[in-house]
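If you check Swiss-Prot, you get these features:
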- Tyr235: active site, proton donor (ACT_SITE)
- 48-53, 74-75, 111-112, 139-140, Lys244, 273-275: NAD(+) binding site (BINDING)
- Tyr225: substrate binding site (BINDING)
- Glu75: site 'Plays an important role in discriminating NADH against NADPH' (SITE)
Amino acid sequence: MIIKPRVRGFICVTTHPAGCEANVKQQIDYVEAKGPVVNGPKKVLVIGSSTGYGLAARITAAFGSGADTLGVFFERPGSESKPGTAGWYNSAAFEKFAHEKGLYARSINGDAFSDEVKRLTIETIKRDLGKVDLVVYSLAAPRRTHPKTGEVFSSTLKPIGKSVSFRGLDTDKEVIKDVVLEAASDQEVADTVAVMGGEDWQMWIDALLEADVLADGAKTTAFTYLGEKITHDIYWNGSIGAAKKDLDQKVLGIRDRLAPLGGDARVSVLKAVVTQASSAIPMMPLYLSLLFKVMKEQGTHEGCIEQVDGLYRESLYGAEPRLDEEGRLRADYKELQPEVQSRVEELWDKVTNENLYELTDFAGYKSEFLNLFGFEVAGVDYEQDVDPDVQIANLIQA
């Protein structure tokens, strides 16, 4: 079938398999051009491996370090009449290219919050890999069913303590609008922490330790975003921030648990990028459009693969990791440079419907957004017939 983009709000409801494959190939080419990651990982588990930063972490491990990788995700395949999710096509493409290189690559499709998926993962590691030396935790989910109680929690994106008004960008209508977000209730904050905080990461590491499938010196990292003051009210100081602060607490216990193995656990701070998760945050499209404009002018613009490749080389496996006073690994330093943030702030209030394309890089934002779903990827002929029914060989279905 011929597949065209159909965007509804902050999601594109169609995806393009050939575009997703080309997108994955571009990321692989970027990593390979950088050469090997010195002393990089060899057997890697990526929890949340199908899109965005998790996919970039899997690509960097495999193609920067020659690592065998096991990926966990929750995606939907295509059929003859309907495309699957982008993460499905990304993972199929990743495995295809990894197998061509002679690398082990397998995937588990199911709910990573569940005990069943943890059990299947451990069985697969024992059978195929023995032990893993890196565990990347990169889940972004709107809800979580607690594996012990069955309780269902939903995450909320709201400020804490007070309602907040700010400028936003309606990406459908392409207009600047004022948005008001009401303050989260205590319950909403607690539920958001239950979904996006560190409990599940801790459960994963506990399960892997108990099963004795973590190698000596094993590392684990979970990804976070801090941002600067423009986004603080609704992000770092809001309900999502409460969950991210929970990661900062939980990592201390995880680090202690890994100490007997000579291992380490770190939260890694990455820059703001276009992902399916970030496009749902009301102020992010405007912030990202301005950030892209400023960072491209300065020659420092980066996407997921540049960020994660740099994180591996500089910090996770670098001789002098970039650590902050909280012990987090930092890859977001270019975004937070004072000259970048002050310029974004200066332009923030000047943007109007009339000068949107002039003052911001909304065009670049839109293009990167469509790239997520396999559209507007260089070198892909979108008039060609494609088969949306793409298989992932040896997929383990939970």
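In case you wondered, yes, glycine gets a Cβ from its N, Cα and C as well.
The recorded positions examined here are Glu75, Asp111; by Cβ neighbour count within 10 Å, the least packed of them is Asp111. Within 10 Å of Tyr225 (substrate binding site), counting C-alpha to C-alpha distances, fall the following of the recorded positions Gly52, Asp111, Tyr235, Lys244, Val274: Tyr235, Lys244. The two recorded residues, Val274 (NAD(+) binding site) and Glu75 (site 'Plays an important role in discriminating NADH against NADPH'), show a Cα separation of 19 Å. Note: the CA-CA distance between Ser50 (NAD(+) binding site) and Tyr235 (active site, proton donor) rounds to 24 Å.
Gly52 (NAD(+) binding site) carries a helical DSSP state (H, G or I).
A Cα-Cα distance of 14 Å separates Glu75 (site 'Plays an important role in discriminating NADH against NADPH') from Gly52 (NAD(+) binding site). Here the Cα atom of Leu139 (NAD(+) binding site) is found 17 Å from that of Tyr235 (active site, proton donor). For Tyr235 (active site, proton donor), the count of additional Cβ atoms within 10 Å of its Cβ stands at 24 [all protein chains shown]. When the alpha carbons of Asp111 (NAD(+) binding site) and the residue listed as 'active site, proton donor' are compared, the span between them is 25 angstrom.
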